[in-house]
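Everything below concerns the one structure shown next.
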Amino acid sequence: MWDGFSNSFWSRDYITGINRAQRLINEGVEQNEKLLQLLHIRAKSASSCSDLLFKSFSKFNKHHPLNEESNDLPSDAAIHQLYESYLMEASLHKKLGEQLNILVINPFANWSKKYSRRVDEIVSAAIVKINNYNSRFSHVNSKKSNLTDRKPIPTSRKSNKSDSLASALSQLDINPSNVNKFDGLINIVDHPYTAEEFANVLLKLMKASTVKRKSYSHLGDYELVTNCSLLFEAIKTTFGLEKDSYVVKAGNQLIQHGLIRLLGIRRVFENDPEIDAQFTTKSQQLLKSYHLSILEVDPYFQVNDPITATNDDPVLQKYNLAYDNLEQCRHELELYLFMVFKDLEQAELDRLNAVKSVLVECSNYSGNFIPSLNSIFIDNLNSFKNLDSLRDMSTQINKHYTGYFIPVSNNELSTKDEYLFLQKSSLTEDNLIVSLVPKILAYLLDAYSYERDEEVLSCVWTTEVPLKDAFDLKSVLRKTDNVESVLNACVEKYTLSSITCSLRLCLLEFPDSLIRSSFYDYFKAIYTTYTDFEDLDHRLYSIKKCLLHLHSTPLHILEEIIRHLSAYAISIRMKDGQIRHLAKIISPCVLRPPDDLNIIPVEDTHPTLLVIDLINEFENLFADLERPSTPPVEIERALTPITTSPQKLKLPRSSSPCKNPSPTRRFRPF
């Protein structure tokens with residue numbers, strides 16, 4: 001199935017896709033030159049043949065004058081007639097050459113020059129836009145480099161939405177009004193403590209951790225700071241824990257209770273001397289409630305929180321502004337490139353149609369002027385009329401294909417040690433998308449029943465809509481909690497296809513696909529080996545094995561989407577071709593290649609095949625699936641791409657339908 005230029009020439013760096021599209025266009029320009037040269041040769045040969053015939057007949061007539069009055073014999077008259085026919089043929093050759101130049105060659109040559117200028121202007125403007133984006137990216141990257149010594153980095157940017165933090169806290173089961181209160185017992189590694197008992201334990205823990213004031217450039221001074229390595233040993237001795245796994249568990253429980261926070265992007269406690277931790281306001285208030293304190297003076301409450309302090313720091317404000325400009329530039333660039341690819345596609349289609357017209361016209365003129373060769377030109381004419389411009393373009397696209405559209409993520413602006421440099425896709429925004437997906441699916445499910453046109457209903461997910469409309473609707477949806485009322489208010493402006501497209505954009509903006517990109521080569525090997533219908537059990541076993549490794553959040557979203565698409569496909573009685581088209585559109589959300597893969601091979605159809613199996617075999621795959629439990633504190637980590645392979649899944653060997661060694665051993669991420 002062919003998607004045209006707009007979904008075939010995307011790359012992570014943008015410029016590679018543009019260069020491939022330009023290479024295709026340049027091959028078309030070379031084809032124009034080749035055709036013009038051939039037509040020039042034909043016209044020149046016709047004129048040369050005419051000149052040669054006239055010159056030769058003049059010499060013949062000088063030595064053997066032919067006069068109708070002397071044609072007494074029938075044979076002389078026949079020879080004279082032959083001479084006249086040759087003269088007529090010479091004049092026809094001359095006229096053919098002139099007509100080819102006037103009616104075919106010159107117009108096509110002028111059109112080719114305009115075509116070359118047209119595509120050059122389109123590509124040049126796109127390259128200027130890309131260079132502008134790259135310069136902005138370098139500017140932001142240089143600002144990031146100037147802040148590399150700054151720790152901690154804020155874990156999220158201030159959201160434009162006033163209640164977004166409350167939304168995130170609600171998903172983490174944290175009530176802001178009760179954030180500094182303890183009700184009942186405090187359990188740490190299955191040991192219950194009363195609030196007073198735990199206050200004394202917490203004081204010992206602070207002293208053992210050697211907490212101190214620490215200064216961070218551009219952020220100021222912070223009290224009660226220690227590194228995770230010292231804190232690890234302090235927890236081990238204070239709570240009397242022997243196993244390191246219990247120490248890690250205790251540290252994570254302290255984080256969940258809001259007594260400790262890790263400074264940076266980390267959300268899971270571990271024995272790492274490079275990561276700093278801070279005892280929070282809640283822990284200090286717990287000590288004060290029992291007249292305990294580790295600080296002689298209590299300046300802690302006057303220290304700005306790193307999240308809110310960011311907004312008052314001039315250096316970080318400049319970084320915020322530069323980052324916002326970069327994201328705005330990226331947004332505009334992707335919209336512009338869609339238009340560029342559409343223009344290039346139309347230009348190439350116009351060129352192929354022009355070539356077809358030139359070939360047909362040339363055959364028409366040649367056949368009319370030279371009756372003796374008319375049968376040959378008729379055959380050529382029939383062949384030229386059957387030329388399929390779209391098929392030629394599809395072949396060229398497959399030859400130069402770079403990949404389908406995936407919005408570029410600027411997650412690389414974070415440092416190598418994973419400290420977050422004001423990353424745009426923060427935990428709060430990701431949680432908004434997580435809550436947004438089921439609401440949109442529920443609205444669509446209700447909207448299907450009101451659509452009476454079956455043809456429109458069957459194309460809700462596959463109809464192409466302007467990318468700008470989808471971006472605008474996505475922005476509106478992410479700023480509201482009442483999705484249904486917003487969609488009802490926008491029903492006249494946005495179609496159901498715009499809603500589905502905006503939903504796909506939300507999913508594409510996740511740092512990783514719903515099935516982690518580390519499984520990309522694994523599924524490629526699966527669908528390269530098990531291609532027959534008889535291999536369905538092998539594929540389903542491999543898919544289910546992968547699903548067991550997913551975090552609960554992306555697994556829940558994946559299940560909701562596949563359940564919706566499966567019911568949608570059944571309700572409108574989708575055929576295999578329609579399901580394949582639907583799967584190809586949704587596949588980048590489900591499984592996409594790793595970030596280091598700049599060009600996606602056109603042969604990589606396994607994400608589409610995977611989605612087809614998920615839709616067709618939904619009940620078999622998700623019915624008895626054991627969901628892994630993901631603690632609320634790990635939601636951000638669940639939505640963050642990983643570079644390490646998941647641990648090997650321990651399943652009974654007898655449950656596998658594969659009797660022979662699996663061909664995916666080298667790709668298997670388990």
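Cβ atoms here come from the backbone N, Cα and C positions, even for glycine.
Keep in mind that what you see is a predicted model, and the values were worked out from it rather than measured.
The compositional bias 'Polar residues' annotation in Swiss-Prot covers 641-663.
Confidence across the domain 'F-BAR' (3-392), taken as the mean pLDDT and rounded to a whole number, stands at 74. According to Swiss-Prot, the domain 'F-BAR' annotation covers 3-392.
According to Swiss-Prot, the domain 'Rho-GAP' annotation covers 425-622, on the basis of sequence analysis.
Positions annotated as phosphothreonine by Swiss-Prot: Thr640.
Here Swiss-Prot flags Ser645 as phosphoserine.
According to Swiss-Prot, the feature region 'Disordered' maps to 141-161 (among others).
For 641-670 (among others), the entry in Swiss-Prot reads region 'Disordered'.
In three-state terms derived from DSSP, Thr462 (site 'Arginine finger') belongs to neither a helical nor a strand segment and is classed as coil. The site 'Arginine finger' annotation in Swiss-Prot covers Thr462, and the record cites sequence analysis as its basis.
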Inset, instruction - Just jot down the residues in the same chain as Thr462 (site 'Arginine finger'), at least 6 apart in sequence, with C-beta under 8 A of its C-beta; none if empty. - result: Gln578, His581, Leu582, Ile585
